[in-house]
Amino acid sequence: MKMGMEEDDDHPFPFMLEHHSGVTAREEENVVPSSSTNVQHLELSWVDHYLSRVDYFINKYPQLSTAYAFHCSRITNVHQASFPQVGSSSSSSRFLQDSSEAETLASRMESLNLSNQYHEACLQRVRNIESANATVPTRHHHPRLRHYTLETLRGGWFSMAKDPRGSRVVQQKIEEGTPQDNFHMVNELQYHLHELIKHSYGSFVILKLFQSRNISVYQKNTFIHLITADQPKLRDLCIHDLGGRVIQQILEVEDVLIAIDQITRAMSGITVALMKNYNGGYVILQCLKVILDVVAQNCHDIAVNKNGCCNIQKIIHHHDVPAFYALIENLIPNAEDLAKDQYGNYVLQFLVKKKIPEVNAMLVSELRHKFVGLSIDKYASNVVEDLLHYSRTEIATIIVEEIMESPNFLQVVKHQYGNYVVQRALEYTKGFLHESLCAIILSNHEMLSSCLHGKMVLHVAQKSKRVRG
């Protein structure tokens, strides 16, 4: 009865499946009455895990209520011989962790509103156990039980991480545990990283360790060291179908970026081998992306360095790669500081000269209302000139109008650096804006003619008026 539901891992009646709890239907018929821990764990896995989820599935698939009732009967009848005195402490001491959990199960069963003898029989068994007030043992745990504490699970994390349901339990404990609790878990799992990364269920645990905020950056760096220390094992991981994908996802975690030097050193020795492999090639590409992301996040510090500004320009040259836009997103907010820097201004000039309309528009938007001050700066004035030259007319108009309408316009015209900005404005404006600019300059002929830099601007304005008539 599949009924279009999820895989067996999410089956509402997991004990229907032959592999559940390691007991097949045939073995179930041959259960020998006993009070051993194994039989008690069997009942625990059938009732505790099953009933904790059954209310959801009954609501989702109402047609399953008949099957539920039938299996309540199986739970009651199969184990009646094993636990003849249901309410006694001997029969229930290992059934639930404490009475409050039995009470929770009873409440869930009551909320199902199913009226049949099987359901009520099973419900009565849970009510009897509720009164026993017993605890779960701390050893020989069933790997699929979610209510165990971190203390009781200590020493079994590795085996649980490889179990389909145990993997989910470990992931949940990683998120819920305190740093002290997780310390013991990490100490056990860190020596099995390579095996778990390639495991279909263990890989989820490893990813959770890297993604969780409950695991410290120091611990994550330790994982990176253990993964990359052995190059042959690292190579095998990267070319493995699952391992390669997991490594790529690990490299996407923000906390891993601080260990990029360690990662690149490890990868450098196996780069050729990985590039010759389908999965390995994707890992190398992810490494390159991570490196470029680090560059983008630190682009300001790099751009104001003598050698760094040259290397940033080399990356900008390849503006058709995704990393380029990550770089732009970090450069634009720092545009004013970079424009005024002796090295940073070269980065912005190179960027403007790429003639990418949206990038130049973003720069102008970021620098708006600052162009007068930038025009009289030794380094920033070069950036303003290039924006006038390499931007679209509507973008250049914004800059020119801001400078023209400023009460300090004539100071800009007479300035040793600002006069070059005004000359470029005369050169690259057209129509009414150009005529207005010429008119303002020529109307101050007497004042500007007495200044060396003003004379230069006057000359350009007069020449432009004659040419354009």
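Glycine too: its Cβ is placed from the backbone N, Cα and C atoms.
Keep in mind the model is a prediction, meaning the values are calculated, not measured.
Features as listed in TrEMBL:
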| type | residues | note |
| --- | --- | --- |
| DOMAIN | 131-465 | domain 'PUM-HD' |
| REPEAT | 152-187 | repeat 'Pumilio' |
| REPEAT | 330-365 | repeat 'Pumilio' |
| REPEAT | 366-401 | repeat 'Pumilio' |
| REPEAT | 402-439 | repeat 'Pumilio' |
Please indicate, using numbers and ranges, the residues of the same chain that are 6 or more beyond the repeat 'Pumilio' (402-439) and have a C-beta under 8 Å from a C-beta there. 368-369, 371-372, 375-378, 381, 384-385, 388-389, 393, 396, 447-448, 451, 453-454, 456-457, 460-461, 464-465, 468
Model confidence over the repeat 'Pumilio' (366-401), as mean pLDDT, sits at 94
Treating G and I as helix alongside H, and B as strand alongside E, what does DSSP give for the repeat 'Pumilio' (330-365) in helix, strand and coil? 28 helix, 0 strand, 8 coil
What does the DSSP secondary structure composition of the repeat 'Pumilio' (152-187) look like, as residue counts for helix, strand and coil? 29 helix, 0 strand, 7 coil
